[in-house]
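Reviewing the structure listed below.
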């Protein structure tokens with residue numbers, strides 16, 4: 001989920017996730033096949049021994065015959081995804097992300113005994129992140145296979161969100177359930193010049209078109225450990241250079257990120273990578289520009305936008321990344337001006353952490369605040385989520401919470417009309433010994 005640079009806000013590896021599942025399935029199949037071969041071999045050996053042994057051989061044959069094990073089929077994900085990942089990993093040991101060793105002056109961390117000890121102490125914390133990451137991988141890979149032009153954005157968004165809730169095992173319909181697991185924030189489906197924070201509200205009839213460039217940005221969480229990852233879908237290869245530029249820029253940011261690294265250095269590296277690309281559209285060459293007022297960000301428990309920003313252009317921010325922090329490294333490229341403004345109807349909202357206590361005169365605002373606190377806490381939500389909980393005629397109260405400084409609204413962020421924007425994003429953990437790209441998968 002994008003972090004925007006505004007004065008208002010300033011004030012306030014695995015390629016093995018599916019690979020592991022496939023490997024496990026393959027291993028089960030191979031084991032069962034091996035058992036069948038062993039049984040067959042035993043029977044052949046017994047048959048050869050029978051003429052020599054007679055009745056005694058029959059007894060020996062019975063003794064030598066191996067006992068067949070019960071063959072339990074490997075658990076696999078359904079289509080659409082509905083099997084909780086906890087059922088696929090019953091020992092609660094989830095695949096780790098891509099492991100990247102620290103470089104330069106931080107290379108000692110990989111072998112330092114004290115750092116290794118600290119890393120082992122964080123196992124529960126890591127398993128929650130890895131479980132959420134596995135949910136994200138399985139859901140997004142299904143989405144990539146099935147999303148097609150002609151679908152409504154509502155159908156796409158709800159399909160992704162329903163899958164995340166099913167795989168985390170938290171439907172979010174009971175008070176407090178969504179705080180335990182489920183959607184980390186609403187599924188963003190931002191089209192073409194719209195770069196971020198667009199999800200359909202009730203009644204939206206927008207349909208995905210063949211020539212669209214759609215950013216798919218959603219989060220999954222377990223116990224508030226939010227995995228924030230995004231990708232861009234197109235159905236025309238003419239946009240491939242744009243996607244390649246943004247993917248390269250994001251991977252550059254991931255490579256440069258690390259403990260004690262300055263934000264300005266990361267931004268400079270990202271910009272250099274991104275702006276080395278250009279894309280030809282309708283016979284005109286367009287340089288790919290970084291969207292300079294969109295950033296990556298750190299992630300705190302139950303809070304998608306922490307207090308630090310990761311720029312995607314060169315700047316003077318001397319803030320450093322620190323050990324134990326979690327960051328969403330996301331980059332946005334555009335064929336337009338490389339600058340976004342708020343536009344279109346707002347759908348995303350979030351309770352402001354440590355918001356001041358303000359007397360509310362509207363009873364609808366008071367009631368809605370109670371619903372938000374009990375169901376979302378500081379996790380972002382959208383209007384469809386309130387509809388899903390059975391809330392009605394809440395818009396006046398919601399706007400009152402926004403104007404009172406209790407809830408933050410996140411309007412869609414758009415470049416100039418006619419331009420195209422793309423996004424790729426991963427969540428990384430700055431562990432004491434290594435950097436873990438927790439959301440990495442076979443797809444990106």
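Using the three backbone atoms N, Cα and C, a Cβ is placed for every residue, glycine included.
Feature annotations, reproduced from Swiss-Prot:
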BINDING   197, 305  substrate binding site
BINDING   217, 228, 425  divalent metal cation 1 binding site
BINDING   228, 297, 330, 425  divalent metal cation 2 binding site
COMPBIAS  15-29  compositional bias 'Polar residues'
COMPBIAS  34-45  compositional bias 'Acidic residues'
COMPBIAS  59-73  compositional bias 'Basic residues'
REGION    1-92  region 'Disordered'
What's the CA to CA span in angstrom from residue 197 (substrate binding site) over to residue 228 (divalent metal cation 1 binding site)? 13
Neighbours of 217, 228, 425 excl. site residues, C-beta within 8 Å of centre, divalent metal cation 1: 1, 2, 188, 218, 219, 229, 230, 328, 330, 423, 426, 427
Using residue 330 (divalent metal cation 2 binding site) as the reference point, find which of the binding-site residues 217, 228, 305, 425 has the shortest Cα-to-Cα distance to it. 425
Given residue 305 (substrate binding site) and residue 297 (divalent metal cation 2 binding site), what distance in Å do their CA atoms have, once rounded to a whole number? 6
How far is it from residue 228 (divalent metal cation 1 binding site) to residue 297 (divalent metal cation 2 binding site), counting Cα to Cα, in Å? 10
Residues near the divalent metal cation 2 site, 228, 297, 330, 425 excluded, by Cβ within 8 Å of the Cβ center? 1, 2, 3, 217, 229, 230, 296, 299, 327, 328, 329, 426, 427
For residue 297 (divalent metal cation 2 binding site), what residues in its own chain, 6 or more apart in sequence, show a Cβ-Cβ distance under 8 Å? 3, 304, 305, 306, 308, 309, 310, 327, 328
Quick one: give me the count of other CB atoms within 10 A of the CB of residue 197 (substrate binding site). 28
Check the binding-site residues 217, 228 for other C-beta atoms within 10 angstroms of each C-beta and report the one with the most. 228
So if I draw a 10 Å sphere around the Cβ of residue 425 (divalent metal cation 1 binding site), how many other Cβ atoms end up inside it? 26
With every protein chain in view, what's the tally of Cβ atoms within 10 Å of the Cβ of residue 330 (divalent metal cation 2 binding site), excluding that atom itself? 30
Measure the Cβ-based neighbour count of residue 305 (substrate binding site), defined as the other Cβ atoms within 10 Å of its Cβ. 26
